[in-house]
Structures are given as C-alpha cells and as structure tokens.
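Asker: These came from TrEMBL, pasted as-is:
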type: DOMAIN; residues: 332-396; note: domain 'SAM'
type: DOMAIN; residues: 403-476; note: domain 'U-box'
type: REPEAT; residues: 8-47; note: repeat 'WD'
type: REPEAT; residues: 50-91; note: repeat 'WD'
type: REPEAT; residues: 100-134; note: repeat 'WD'
type: REPEAT; residues: 235-276; note: repeat 'WD'
type: REPEAT; residues: 277-312; note: repeat 'WD'
Amino acid sequence: MATLIHTLADHSDDVNCCAFSPSLLATCSLDKTVRIYSLSDFTELSYSPLKGHTYAVHCCCFSPLGHLLASCSTDGTTMVWDTHDGQVLAVLGQPSGSPVRVCRFSPESTYLVSGAADGSVVLWNVQSLKLYRSGSVKDGSLVACAFSPNGNCFVTGSSWGDITIWDDTMRCLYNEKAHDLGVTCCDISSQPISDGEHGSRYFQMASCGQDNKVKIWLILFADSLGVELRYKCTLSGHSAPVLACAFSYDGQMLVSGSVDKCVIIYETNTGNILHTLSQHTRYVTTCVFAPCTALLATGSMDKTVNIWQFDSKQPCAGNTVEKESEVAVQNWSEDDVSAWLCAQGLTDLVGLFKRNNIDGKELLHLTKESLTNELKIESLGLRSKILQKIEELRMKMVSVSVAIPDEFLCPITRELMKEPVIAADGYSYEKEAMENWISNKRRSSPMTNLPLHSLMLTPNRTLKMAISRWLETQQK
C-alpha cells in the first residue's frame, strides 16, 4: 500500500525534478529556485530556497552521501551547492552555453555529468570542480543520464531517441535507438541480477519516452569487453508520453510518471502493476524513491510534490534510524544488523551475514578485502554499496558529536579516512582516493599541484590509529 503522507506546495511554477539524499529532499522548478526539505518532518531548511539560476531549473541531484547538491538550468550552468549551509561552491558553465537539461553525480562522487540541449555532455571533476572531459551525442538534446553502480560508465538519453553508453574518458561504448519519439529519462538499478542463461551478472536499466513506453534493458559492464545491452521487456500502463522513471533502492520496484497525470509503480521482476497513483492534476514530471526509507516523491506541473510512504513487512529504514539512536551501532546484535540490511535493500545478504556472525562491531570493521576474501561477495557494485552504507553509519555516529578534526579528513574526498597513506608530497590521503587520482594519469600533488617524484604510497599507521582512537571516544 502506498499512502500519501505529505504534499509540498511551495513552488510557484511547474516542478521539474525531485532528489533524495539520506536525510534531505530537494525540488526544483520553472520558478528558478531549488528548495530543500528535511525528511524528518518535511520542513523547509532555513537557507532554502536556493536562488542563483536566472532561468528555469530543470534537474537537481545529491552526491551519494548528500554533502553536495547540483542543479542545472536553461541559463546554461550547473551550480554546486553545499548542503550544510546552502552556499554556492561552483557555477559550472556549459562550454557551449546551451541550456543544461540533466545532471548526475557518479556513485563515488568522482564526477558530475551535465547534459545540454545542443547534445553536449560534460564530465566535471568533483574535487577540483573543473572540466575533465566533454563530448556530444550525434543528434538531439541530451535529456537523461544515469551512472553504472561502479561509476566507470554512464548512460545518456537524447530527444532523438538514442541511448548512448560512455566510459569515464568520454569514449562512446555503445549506441541504441531506444524510443521512436525521444527518450525522456533513464535509470540503472544498483542491484545486479543473473540472466539465468549464461550466469552473467547484469544490471537492469529502465528508459521511458515520448512513445508512451517504459522499457527494461539488461546491461553488462565489463572492463575488458566493453558493454553489452539487451532488451528485456516493455511495461504497459501509461496512455501518454512517460516523462520520468526510477528504480527503488533495492531494485524490486520501478516507478514512472506520465503526461496522463498518473504515477505507476511496477514490480520489477514480473512487470506487474502494484499501484497506480492519480492525485496529481497535471503532467507528472518527476518521480524518485528515497535511498534509506520507504518513501517516494512525485512532482508535477500542478506545482506540487507529493510524498508517499510504503507499508512493508520488512523492517523499514525509519525503524532502523530509531534503533541507531537508541543503541550504539557497535552494540547491535546480529538481528539488528539483519534489520538494517533489510532497510538498505540488502535483504539477500541477511543469511550470509548471519552465517558469519556479523554483529554491529563486526559490521563497522568490514572492509573491501573482508567482503571479497571472507564473505566471498564477488560483485564490485554490491561491495561498493555495502561499504557506502557502512560509511553512512559511521558518519551518523560521529555527526552527533564534535566536528571531525581536519587532519583526519582526506584532502581529496574531504571525508574521514579509513586507510590513510602518505604520498611523495608528504601529505596523507585516503588510499583509494589517491589510487584513483594516480590511475587517472595524474602525476601532480592534489595539495600543491607540483610533480610527484614517486607514485609510492606508504600506509600511515600512526594516523590510522589516531583516527580509530578518536572514533572510539565519539562512540562512547
């Protein structure tokens, strides 16, 4: 059952896009503003609305942990905002000056993509907030974008009807005519599935368009073989162009919104319609599931955003959040961890974690190596998702206490370091962040911009121990 629990009616013109972070909801509109709300009670934050764009705002999106918000506009810019205080961190002008229709952060916050009406697509470096790569689609406006779960590839959709797959160097890997009258939106599920035929692990991609259709595709991202795209099925239900689609965080549901004023929620595996929501009085332009709670937001040309809540037999994230405040995570039982896994859309891992006696303390100490070697989790995307959710837990634990000492933050990611290493410039960085920096053929220091005389990275065990001791003091 999907229940309407709240309606936001603060925008003075069409709502174009909605986006969730773990704790916030952002909405943007033709009225040139972006508004930010707290998920705890749906009150608007003190620094909202965000004003800076000079024309309509078409799209907004949060970075994975919610520290940054990007918005793009007819004015030809993508703006990056700090969600802690609403300050503008950067105004990224599309090189062509064309109206920007879509923007998306990569799963690891390495890149930000902006796509424009003239078909140009730009990959921005999030750390430096500088242009990294650019390209363009062959025909039409670029109106849709979604990243692969590992962040190495992304998909764009055009008003010409093409789906194009790019790697992170802006090399075109694949192109497919997906919708006869133009693509309007696309999304990729974060959960892999088996095709049942060759044993390969695919991700599901949804696309929708002006042809009234919602299509499901199977997409395989292979580092050495490029990509493979297979058409799976077409979902019925809408009687007019479909303007938006999105997977739930666990990949089990897909939502779509249409010119027919309806929102349809499908069961992904079967394609069956679970709910049809018809409360909006004009075109439904956006729909998105929350990452950590059983919530759905839908926006419309009727100037409103509706918030829906789902009943579930599984423990919901709202209950888990309460548990987090009542019982310190390191004191969780195995059952508490199981409830948390269900809330994060990781129900399939409950048995595995129970067999390995993963309680709260063990959960907080899981690493990429232990997930691979001890728990035998082969999927890179799934490992990344688990580590991201664990990091969110850690951040929640420390956020209620004092500010994190600056020397514990990685200069590249500005996040608490887990595996600090010392580079040739004498500075300490998060190991994975610095490895990514070097793998992108950078040979200069992130801090000084001077050449690195060596690419060797030395574990900073002293700093790691200091961070561990500090975390322990915050968790008491």
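Positions of Cβ are set from backbone N, Cα and C atoms, glycine also.
Predicted automatically and left uncurated, TrEMBL annotations should be read as such.
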Asker: So what's near the repeat 'WD' (235-276) in sequence-distant terms, Cβ-Cβ under 8 Å and 6+ beyond its ends?
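Answerer: Contacts with the repeat 'WD' (235-276): 1-2, 181, 184-191, 193, 204, 206-216, 282-292, 296, 298, 300, 344-347.
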Asker: Ranking 8-47, 50-91, 277-312 by the number of C-beta pairs under 8 Å to the repeat 'WD' (100-134), which range is first?
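Answerer: It is 50-91, which has the most Cβ pairs under 8 Å.
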Asker: Looking only at residues six or more beyond either end of the repeat 'WD' (50-91), which have a C-beta under 8 A from one in the stretch?
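Answerer: Hits for the repeat 'WD' (50-91): 13, 16-24, 26-36, 97-105, 107-109, 112, 114, 116, 124, 126, 129, 388, 391-392, 395, 414-415.
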Asker: In the predicted model, what is the mean pLDDT computed over the repeat 'WD' (8-47)?
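Answerer: It averages 95.
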Asker: Count up the helix, strand and coil residues in the domain 'SAM' (332-396) according to DSSP, in that order.
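Answerer: For the domain 'SAM' (332-396), the helix, strand and coil counts are 47 helix, 0 strand, 18 coil.
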